[in-house]
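S.K.: My structure is below; once you've seen it, I'll send some questions.
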Amino acid sequence: MCSRVPLLLPLLLLLALGPGVQGCPSGCQCSQPQTVFCTARQGTTVPRDVPPDTVGLYVFENGITMLDAGSFAGLPGLQLLDLSQNQIASLPSGVFQPLANLSNLDLTANRLHEITNETFRGLRRLERLYLGKNRIRHIQPGAFDTLDRLLELKLQDNELRALPPLRLPRLLLLDLSHNSLLALEPGILDTANVEALRLAGLGLQQLDEGLFSRLRNLHDLDVSDNQLERVPPVIRGLRGLTRLRLAGNTRIAQLRPEDLAGLAALQELDVSNLSLQALPGDLSGLFPRLRLLAAARNPFNCVCPLSWFGPWVRESHVTLASPEETRCHFPPKNAGRLLLELDYADFGCPATTTTATVPTTRPVVREPTALSSSLAPTWLSPTEPATEAPSPPSTAPPTVGPVPQPQDCPPSTCLNGGTCHLGTRHHLACLCPEGFTGLYCESQMGQGTRPSPTPVTPRPPRSLTLGIEPVSPTSLRVGLQRYLQGSSVQLRSLRLTYRNLSGPDKRLVTLRLPASLAEYTVTQLRPNATYSVCVMPLGPGRVPEGEEACGEAHTPPAVHSNHAPVTQAREGNLPLLIAPALAAVLLAALAAVGAAYCVRRGRAMAAAAQDKGQVGPGAGPLELEGVKVPLEPGPKATEGGGEALPSGSECEVPLMGFPGPGLQSPLHAKPYI
């Protein structure tokens, strides 16, 4: 038995360390619950040695070029598969069929050209399918019809020129942005429950009413960066809208109250980068629930009819997005100034409703504007001039009259002789002549191309937001969609950090996430605790200014629940490394104790054999003849002490030998038991 210990020890060590060493593919990181991150691995195929109990597999940015029928064999429990940012050009028929439990599939940023009826065969439980940023030109009719449980479908940034009818009764989000779909046929969307529809950057000139006839549950509509010349009339019928994005439709030069009537539920409105010179005066009446307004990069004419805007923003609960880019264009005395920084007097409103006679040596020049009925009159003191001094003759102030006809680039957009043109995605831009600078060439340069002393308001850091909400007493869901949309850097991976603010352990925990995730659930938290969560780009060097978003959330008290959401686990294999190491140390200690016991037992058995007359290793000539020499009393025997055998066993020996001639057998020693 003891001789087998050296053979069993390596086997026991292999069994103890096997799951931690052999269960994770090379170049990957494995963590619980059953999540494999292959972020540093480079290979043209999917790793083959993935543990069969894997729930989440992340192989983004691995250089994968092809998939075959056996790429995902032996992974029946896989629920989340991230293949984004690879070089996959085609998907074999039925390649995902072994993944019967797959719910999330991310193929963003590959080189796919076509989607067939067999591409997603067998994915009956698929809920999220991301196909954005590919080269897809053709989708066969019925390619998604078998995906009965699909909730999100993203096809943005492809090369689609036509779209087959979509019959997805459970779909909640559909993103078709930035394709070449110049028109969408009525009835093409059989998605009665869709909540968010994104049609940005398609080049649409109008929206057909039949397109929205079945969208009874629409809350979020994005039609930005198109060629719309006015607010589509069909929008008035979407009374459930809470978010509307019209940004980048540079041909829209006017917002009429009747265009937006019936949208009382609206909470977020984006009318930035249009050609607006004014805004409807009754925004609070039109949108009583409005929380966020974006109106940046419009050529506003900051005269009296617009004087209500600043006080309304400051006094209401509405947040103005990008206030540093919401500036005046006209008149020249206000050009380039922040709209929120203007006082009532800066808008050139008449002091009274009647003409006042004020002694002055200069002629009175009034702005050709009408007094807003909602503004209270302001009385002038006798020492104050009635109006501002006339503008320099080189640039005459514009008058308030009929809004010009919609054009690609509205007239008088650029000041001081600047040339207006449309930039990328139809954004207005001005080419300024020598000596002038600014968004609309409103600032004059001095000698030596030094800017004029006009105060320039420093641009505050951008505010990126996170949506954090509790999922269970031990988990928080972090919404990354707004952060990804608002970030100005190219994101490949994200760093998510969190810490417990209400507990004794406030150590920072860091996770690495792919940039393709729209949300992430942080698990293994403490119930009834407040956590701080931050997200930032992952990369060497310092985080760019304004690219870190943080938020706080509180987990609810503990409740009995049998459901735990399947999410990605923490990065790092520290628990998997500690457990095998402790097992190895314990096995080594047990082996050492067993070996020592075997050695002592062997020596004791050898001593017993010698006492019984067996020939031992140290037998003399007389013992070979069958004659045993009597024990001679040694020095220790005369002292009455015990004598130690060569084998190490302690024995009792007689105090005196037999006086005979030595023919009788001596008294044998009795070893201790």
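Here the Cβ of each residue, glycine as well, is placed from N, Cα and C on the backbone.
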S.K.: Under Swiss-Prot's annotation, the disulfide partner of Cys430 is which of Cys409, Cys414?
M.R.: Cys414
S.K.: Within 10 Å of the Cβ of Asn117 (N-linked glycosylation site), how many other Cβ atoms are there?
M.R.: 15
S.K.: Can you check how the pLDDT averages out over the repeat 'LRR 8' (217-238)?
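M.R.: Mean model confidence (pLDDT) across the repeat 'LRR 8' (217-238) is 95.
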S.K.: Sort Asn101 (N-linked glycosylation site) into helix, strand or coil using the DSSP assignment.
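M.R.: For Asn101 (N-linked glycosylation site) - judged by DSSP and reduced to three states - the answer is coil.
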S.K.: Could you check the glycosylation sites Asn101, Asn528 and say which one's CB has the most other CB atoms within 10 Å?
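M.R.: The residue with the densest Cβ neighbourhood is Asn101.
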S.K.: For the repeat 'LRR 8' (217-238), what are the same-chain contacts with Cβ under 8 Å, counting residues 6+ beyond its ends?
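M.R.: Contacts with the repeat 'LRR 8' (217-238): 177-178, 192-209, 211, 244-249, 251-252, 254-256, 259-263, 270, 406, 425-426.
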S.K.: Measuring Cα to Cα, how far is Asn101 (N-linked glycosylation site) from Asn273 (N-linked glycosylation site) in Å?
M.R.: 44
S.K.: Under a three-state reading of DSSP, tell me whether Asn273 (N-linked glycosylation site) is helix, strand or coil.
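M.R.: Its secondary structure by DSSP: coil.
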S.K.: Using C-alpha atoms only, work out the spacing between Asn117 (N-linked glycosylation site) and Asn500 (N-linked glycosylation site) and round it to an integer in Å.
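M.R.: Each residue's Cα considered, Asn117 (N-linked glycosylation site) and Asn500 (N-linked glycosylation site) end up 48 Å apart.
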